[in-house]
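Features as listed in Swiss-Prot:
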{"type": "BINDING", "residues": "G107, T108, F141, D227, E228, I229, Q230, T285", "note": "pyridoxal 5'-phosphate binding site"}
{"type": "BINDING", "residues": "R144, T284", "note": "N(2)-acetyl-L-ornithine binding site"}
{"type": "MOD_RES", "residues": "K256", "note": "N6-(pyridoxal phosphate)lysine"}
Amino acid sequence: MSTAADSPLSLAHYYLPVYRPRQVVLERGQGSRVWDDQGREYLDLSSGIAVSGLGHNDPDLMAALTEQAGKLWHTSNVFFSAPPLKLAEELVTASRFAQKVFLCNSGTEANEAAIKLVRKWASSQGRPADKRVIVTFRGSFHGRTLASVTATAQPKYQEGYEPLPGGFRYVDFNDVPALESAMASGDVAAVMLEPIQGEGGVMPAAPGFLARVRALCDQHDALLVLDEIQCGMGRTGSLFAHWQEQVTPDIVTLAKALGGGFPIGAMLAGPKVAETMQFGAHGTTFGGNPLAAAVARVALRKLASPQIAENVARQSAALRAGLEALNAEFGVFAQIRGRGLMLGAVLAPAHAGQAGAILDLAAAHGLLLLQAGPDVLRFVPALNLTDAELADGLARLRLAIAAYVAQH
C-alpha cells in the first residue's frame, strides 16, 4: 500500500494532459471488482470503456496469454504465425459475411483501415476523387486519428486540428430523409455508423433504420460500414449488434472486447471489397501479433457462447429494472435507453450536465461508471457480471444518487 508521499500520482505530471482521470490508482482486479493502491475495493460497471468484456483477470485469457508469452511475442507481418491466422479464420466464420480480415491494434486503426478501404474501392470502380464521399452521423465517435476524427461528426473532437481531410458529409442519426438527401447527388461511396452510438449518449439506431441505410447503399452503389468497436462482441446480446437488425454490412470494425483487455483491433471485409486492397496497400508493424491474437481467440470463443448471451439478457433486464426503481425513488432520469449491457441513463432536465458529479459520488461510494456526454450515465459492465455483483453495484449507485440529491 503506497503512502501519499510515494503514490504514483506524484508522477502524473509526466503525462501529456489529454486525460482527466479520477485521483485513484488502480492496482489489481478480479471479475467485476478492482482494488486501488490503498487497498480500497470498487465494483466496476465500466469495464475499461467496454473493453474487459470478461471482467478482470479471466483465467482462460490469462492462460492463453502466459502460454503464448512463453513461445513468441512478435514477428511483424513479413512472416506468418499460427495465432493470427487462426483468429482471422474464426472471425470470418463468426461474422457470417466477411471473407477477409485485417488485424490491427485498436479501434481507431480499424476504422482508419475501413476508411482507406472505402476510398481504395471507390478508386478501383473508376470514381473520381470528388465522388468518394463517406457519410457519417452527428453524435458518432470513430477514433482520434485525423481521418477517423473527421469521420467523428462531433466538433469538440475536431477543434484545432483543421484543416481536416475532405470527403466526409454529416447527417443526423436516425434521420432517413436527411440521409436520402445526402446521397441524392450520387457522390457517396459509403455510409459509416455505429449501430448504437456510444460516446454520443448510448443512442441506438431506431428500429428499421439500419435496413433503410442498407437499402439506400444498395440503391446508390455505396458500401455499408458498421463500427461495432463498442457495441460488438456480445455486448448487445448477440455477438454482432447488427444481427438483431438482420442487415448484411460490407465492412465491420471491431476492437475493445475482442481482446478482453489486451490491445487488438480488426476490420472485416465482405465479398464486395475483400480483394480491393492488395500487396502494399495498407499495413501495420504490431497488428495481429501472436500474443494479441492468442488472447483474442479465447475472448472471441467465450464472448460468442450461449452462456454469455443468456447472461447479457438476464443482467440487462435486471439493470434496467434497478435503474427504473432508483428513478421511481429519486426522479433523476428522463429515460433508460440502449440494448443488452450497453445502457444509458439519461438525466432529467433538472439534472442536465450533472453526469460527472454523479460519477464522482459513485466513485466515492466504490462504484466505477462512465458518462456519455454531460447528461448520460453509461453502463457497460463485464458481460459475465454476476447477480450478486449487479445487486452490489445498484446498491452503491443508490447511495451515490442519494448523496447527489441531498446536495442538490
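Glycine too: its Cβ is placed from the backbone N, Cα and C atoms.
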### Summary
Sequence-ordered, the recorded positions among T108, Q230, K256, T285 whose CA is within 10 A of the CA of R144 (N(2)-acetyl-L-ornithine binding site) come to T108
### Summary
With K256 (N6-(pyridoxal phosphate)lysine) as reference and a Cα-Cα limit of 10 Å, the qualifying binding-site residues from F141, D227, T284, T285 are none
### Task
Return the single residue from the binding-site residues list (T108, Q230, T284, T285) that has the minimum number of other CB atoms within 10 Å.
T285
### Summary
Quick tally, other C-beta within 10 angstroms, R144, K256; top of the recorded positions is K256
### Query
Going along the chain, which residues six or more apart from D227 (pyridoxal 5'-phosphate binding site) have their CB under 8 A from its CB?
G107, N111, A114, S140, H142, M192, L193, E194, V252, T253
### Query
According to DSSP, does K256 (N6-(pyridoxal phosphate)lysine) fall in a helix, a strand, or coil?
helix
## Note on the structure
Taking every pair from G107, T108, F141, D227, E228, I229, Q230, T285, which the record gives as binding pyridoxal 5'-phosphate, the longest CA to CA distance in angstrom is 25
### Message
In whole Å, how far does the CA atom of F141 (pyridoxal 5'-phosphate binding site) lie from that of T284 (N(2)-acetyl-L-ornithine binding site)?
### Response
22
### Task
Measuring CB to CB from E228 (pyridoxal 5'-phosphate binding site), give everything in the same chain under 8 Å that is also at least six residues away in sequence.
E194, P195, F240, A241, H242, V252, T253, L254
### Query
Using Cα coordinates, what distance in whole Å links T108 (pyridoxal 5'-phosphate binding site) and T284 (N(2)-acetyl-L-ornithine binding site)?
13
#### Entry: Q230 (pyridoxal 5'-phosphate binding site) and T284 (N(2)-acetyl-L-ornithine binding site), distance between Cα atoms, whole Å
22
